[in-house]
Amino acid sequence: MSVREKMLEILEGIDIRFKEPLHSYSYTKVGGEPDYLVFPRNRCELARLKRFSNQEHIPWMVLGNASNIIVRDGGIRGFVILCDKLNNVSVDGYTIEAEAGANLIETTRIALRHSLTGFEFACGIPGSVGGAVFMNAGAYGGEIAHILQSCKVLTKDGEIETLSAKDLAFGYRHSAIQESGSVVLSAKFALAPGTHQVIKQEMDRLTHLRELKQPLEYPSCGSVFKRPVGHFAGQLISEAGLKGYRIGGVEVSEKHAGFMINVADGTAKDYEDLIESVIEKVKEHSGVTLEREVRILGESK
């Protein structure tokens with residue numbers, strides 16, 4: 001029996017798609033074909049996938065909702081898992097629990113509806129709750145580390161564990177999950193009671209700032225670089241004269257130099273080449289070496 005036949009038998013009922021390009025699902029609108037693109041509906045299906053991948057020695061990767069990543073044009077080997085369907089969110093007192101595939105922006109709106117404060121900083125961050133925990137997503141002085149109470153993960157051995165915020169050893173755009181091989185299943189956030197109008201005003205203010213400063217009208221991978229100590233990446237790129245700098249179909253945004261936008265059917269290679277070129281030119285101009293925030297995954301074509 002071939003691996004594919006075995007997969008269809010053992011993983012019957014799970015939504016598995018073969019040779020389906022990731023550019024249809026990524027925020028950058030680039031990305032080649034994974035071997036198997038999977039949309040699990042619940043933790044049980046995710047655990048079945050993990051057991052099968054371990055038994056058959058098939059690589060697997062969870063992409064959340066593919067927002068702060070670039071998938072290379074040659075695609076990704078093994079299972080690629082999109083968790084959009086694991087999206088339940090519940091509220092218990094001042095605590096919100098959200099599954100990994102829940103939309104982060106929508107989760108902040110649920111907090112607003114329940115007059116819970118603390119999540120406002122994330123009201124414009126695209127992506128999933130799982131990805132936000134993985135990256136310790138943040139903006140405007142707030143970050144996931146400030147509000148996370150605990151999270152459930154599926155370990156690389158297929159076990160479910162509950163981790164505290166301390167266990168995750170959060171740092172700037174970093175959590176211990178990045179090295180552990182575990183996958184976020186859900187997260188609990190400890191918020192505080194607030195006033196609906198005040199929370200809404202703050203979310204409206206931050207949303208307006210994003211719309212003013214960020215090129216939301218174009219496909220992009222979000223913020224490309226981490227913030228260098230004592231500097232702002234966008235400012236360094238701008239000072240190096242790189243606004244509008246373009247390779248292939250991807251260019252440095254004129255609106256915010258910390259973003260690279262897909263303006264003309266760009267490819268992952270265009271993104272990668274532009275990122276490397278910007279790092280080199282900023283280093284030449286200011287002496288500062290930029291570090292990527294966006295993850296680049298998969299194989300070149």
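Backbone N, Cα and C atoms are what each Cβ position is placed from, and that goes for glycine too.
Quick caveat, the model's predicted, so the values are computed rather than measured.
Here Swiss-Prot flags Arg173 (among others) as active site, drawing on sequence analysis. Long-range C-beta contacts of Arg173 (active site), restricted to its own chain and to partners at least six residues apart, with a cutoff below 8 Å, comprise Met135, Asn136, Ala137, Gly138, Lys226, Glu293.
Around Ser223 (active site, proton donor), the same-chain residues six or more apart in sequence whose CB sits under 8 Å from its CB are Asn68, Ala233, Gly258, Phe259, Glu293, Val294, listed in sequence order. Residues annotated as active site, proton donor in Swiss-Prot, with sequence analysis given as evidence: Ser223.
Its own atom aside, the Cβ of Glu293 (active site) has 18 Cβ atoms within 10 angstroms in the protein chains shown. Summarising the annotation, Swiss-Prot assigns active site to Glu293 (among others).
For the domain 'FAD-binding PCMH-type' (30-194), the model's average pLDDT works out to 95. The domain 'FAD-binding PCMH-type' annotation in Swiss-Prot covers 30-194, and the record cites sequence analysis as its basis.
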